[in-house]
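The structure appears right after this line, and notes come after that.
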Amino acid sequence: MIKTTLLFFATALCEIIGCFLPWLWLKRNASIWLLLPAGISLALFVWLLTLHPAASGRVYAAYGGVYVCTALIWLRVVDGVKLSLYDWTGALIALCGMLIIVAGWGRT
């Protein structure tokens, strides 16, 4: 379970970086060269999703919970926005959903 969760967090980080770099290019007039590491990051994101031993839809559903938590960490660390009680509550609910889905992988 810990290995799966850590893999999901790495996957989410790759997805967020892969989307953030083009955002910088489009919104902040950053270098177009940021699209190259963005593409690599998104390719790594896709590859990491294939490393889970469950059906793709189940992996995507469980991953969504970790993505929510990772995006909120990004919001706090990179964007500098203080998280609200609603952010924390939503993250906890999403993470619990992920844990329930992953716990059932070997039982279905």
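Every residue gets a Cβ built from N, Cα and C, even glycine.
The annotation topological domain 'Periplasmic' is assigned in Swiss-Prot to 1-5, 52-60 on the grounds of sequence analysis. Among the features that Swiss-Prot reports, transmembrane segment is placed at 6-26, 31-51, 61-81, 85-105. The topological domain 'Cytoplasmic' feature in Swiss-Prot is assigned to 27-30.
Packing against the topological domain 'Cytoplasmic' (27-30) from elsewhere in the chain are residues 21: each is 6 or more residues past its ends and has a CB under 8 Å from a CB in it. Applying DSSP to the topological domain 'Periplasmic' (52-60) sorts its residues as follows: 5 helix, 0 strand, 4 coil. Sorting the topological domain 'Cytoplasmic' (27-30) by DSSP state (H, G, I as helix; E, B as strand; all else coil) yields 2 helix, 0 strand, 2 coil.
Secondary structure counts, DSSP: the topological domain 'Periplasmic' (1-5) has 4 helix, 0 strand, 1 coil.
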